[in-house]
Ligand SMILES: Nc1ncnc2c1ncn2[C@@H]1O[C@H](COP(=O)(O)OP(=O)(O)OP(=O)(O)O)[C@@H](O)[C@H]1O
């Protein structure tokens, strides 16, 4: 500031600190042209648009130069209301204002007050002869009559007496006219849309309170928040807080807290963090961040698309491979035989695996036998690997093929583990049905599928329905090549959870039946049949495939089990049925005219699967334990025999739906 009287802060205890001046009429006009918001104390105008904290922090007041800390224009005065700060009365009288108000406000009897509404807003009020007016908002130029209802909606507090005292006394506080002005970073101005340039001054009371000089009245009035937000110095403080707490968007709210915190942005931030927690510590996102995020999103999108393409390529390859294997299987037409040894870390293993198709069995004398199968697994083979190899055969069921998977081996060799598996590591049964459900779902747009499941147990040559609670015994009817089991329970399966439920029901009925019959599960054959009927929505073709999953009873010899009584009867029945199965394989292998399916219930039920147009897969499960050498050899010989069987090319069971238009 150039000309004008030197100012003294009302609270200024020493001559070193600058104070606001009450402008005279003459000097005020000149000052208004000159006053700018300056970087406190450094003599340069502050960079109004800068949101740079550092430049903000670096601003120094004259007090700083005198060795005192003075951030954001605050001076080190400790307490006390400001002394009289009135500017020249005459200067105010000559400035623009509403004619009516100007006269009113110059009245000696006008006192000024602050009204704080319960909703947090503050207004300047003027009380003239008991009639109150208030200044509405930033855009208002008029004093409005004070609403009656506000008396009950807020609080009126008189401005400090000092501000309502004689307007003339201000002259006493002026510094020497024409004397050199010390810069005072507490003063500034606002440019009001209607009132024009308004001087402001950050005054020190017990805490700092921001006032503006009202030319009309010639008084310093409390600066409303809405106005104060336009003050450059305050704006910088709010910017600083906003930058530190990017989620706190309400600038008026920030300023309100700044006021409470005595215009200390750091204290304001600290208070807010204390109240609101770490949420506010999130760094403010810059346009660079946004751009980086956008690039990242773009990259993720690209990679996701790439992954999708690769996945669909992989899926196509997988389907092509399955199709090729299916065709190969159809051409070969024989029973595929897989050998799976049970994992047993304690056993002295008599097994060796020279290749993935050969297995060596060595007895205690060192004599070795070699067997060859379509696949020989090692002890470490997982359930996933086992299922993957049967998948092409299993899935052909949806295309109308009859498919049969059997597990053969002595008790404890891992048949149930391979077929059913534990709950957390399911075997072929659950995986196969889940896969079929998945394929049916994938084809839903062109085909409608119905899946039904039945579960029976063959014990002592009786067939027991396991999906009914009344232990129903079933008969098997063979008419030509067709095998029927009247009254067998068929449960629809739509979801994987249905499979588990049905399996549990079957398993619990099997246990009950076993107890009633005094048998154990290994003494009976478990046969699970899943019928998959499909109808092509376009051609009307109806396909029907049956997937038969069979966990056979233990194949150990009677002599070894030393069975007597009931056990002997059981063993005889098992022997009979397993022998019948062997005979069927032999007859098929030799292409005999008569295949002895009728020799046991097991072979009767399995007839559609072994009858020439089906696909079959036999697991021979063996124990690695050297003490089981004879049983292991028997099992492997059974498997070798079965592998010689040529079932002929598998056929699809597809019919055209009657009445459906020929295409
Ligand atoms: N590959 C394997 N890995 C780990 N444990 C296995 C494996 N195969 C079998 N077992 C375990 O060996 C034990 C016997 O297996 P499992 O019950 O499947 O034999 P099984 O041939 O079905 O017998 P049974 O004829 O009496 O029904 C079970 O505890 C099973 O969990």
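Just so it is clear, glycine is given a Cβ too, placed from its N, Cα and C backbone atoms.
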Legend entry - Annotated stretch (region 'Disordered', per TrEMBL) among the listed ranges 161-190, 191-220: 161-190
Inset, instruction - Please find, within the list 293-334, 335-376, the residue stretch that TrEMBL describes as coiled coil. - result: 293-334
Inset, instruction - Could you please provide the mean pLDDT value for the coiled coil (293-334)? - result: 81
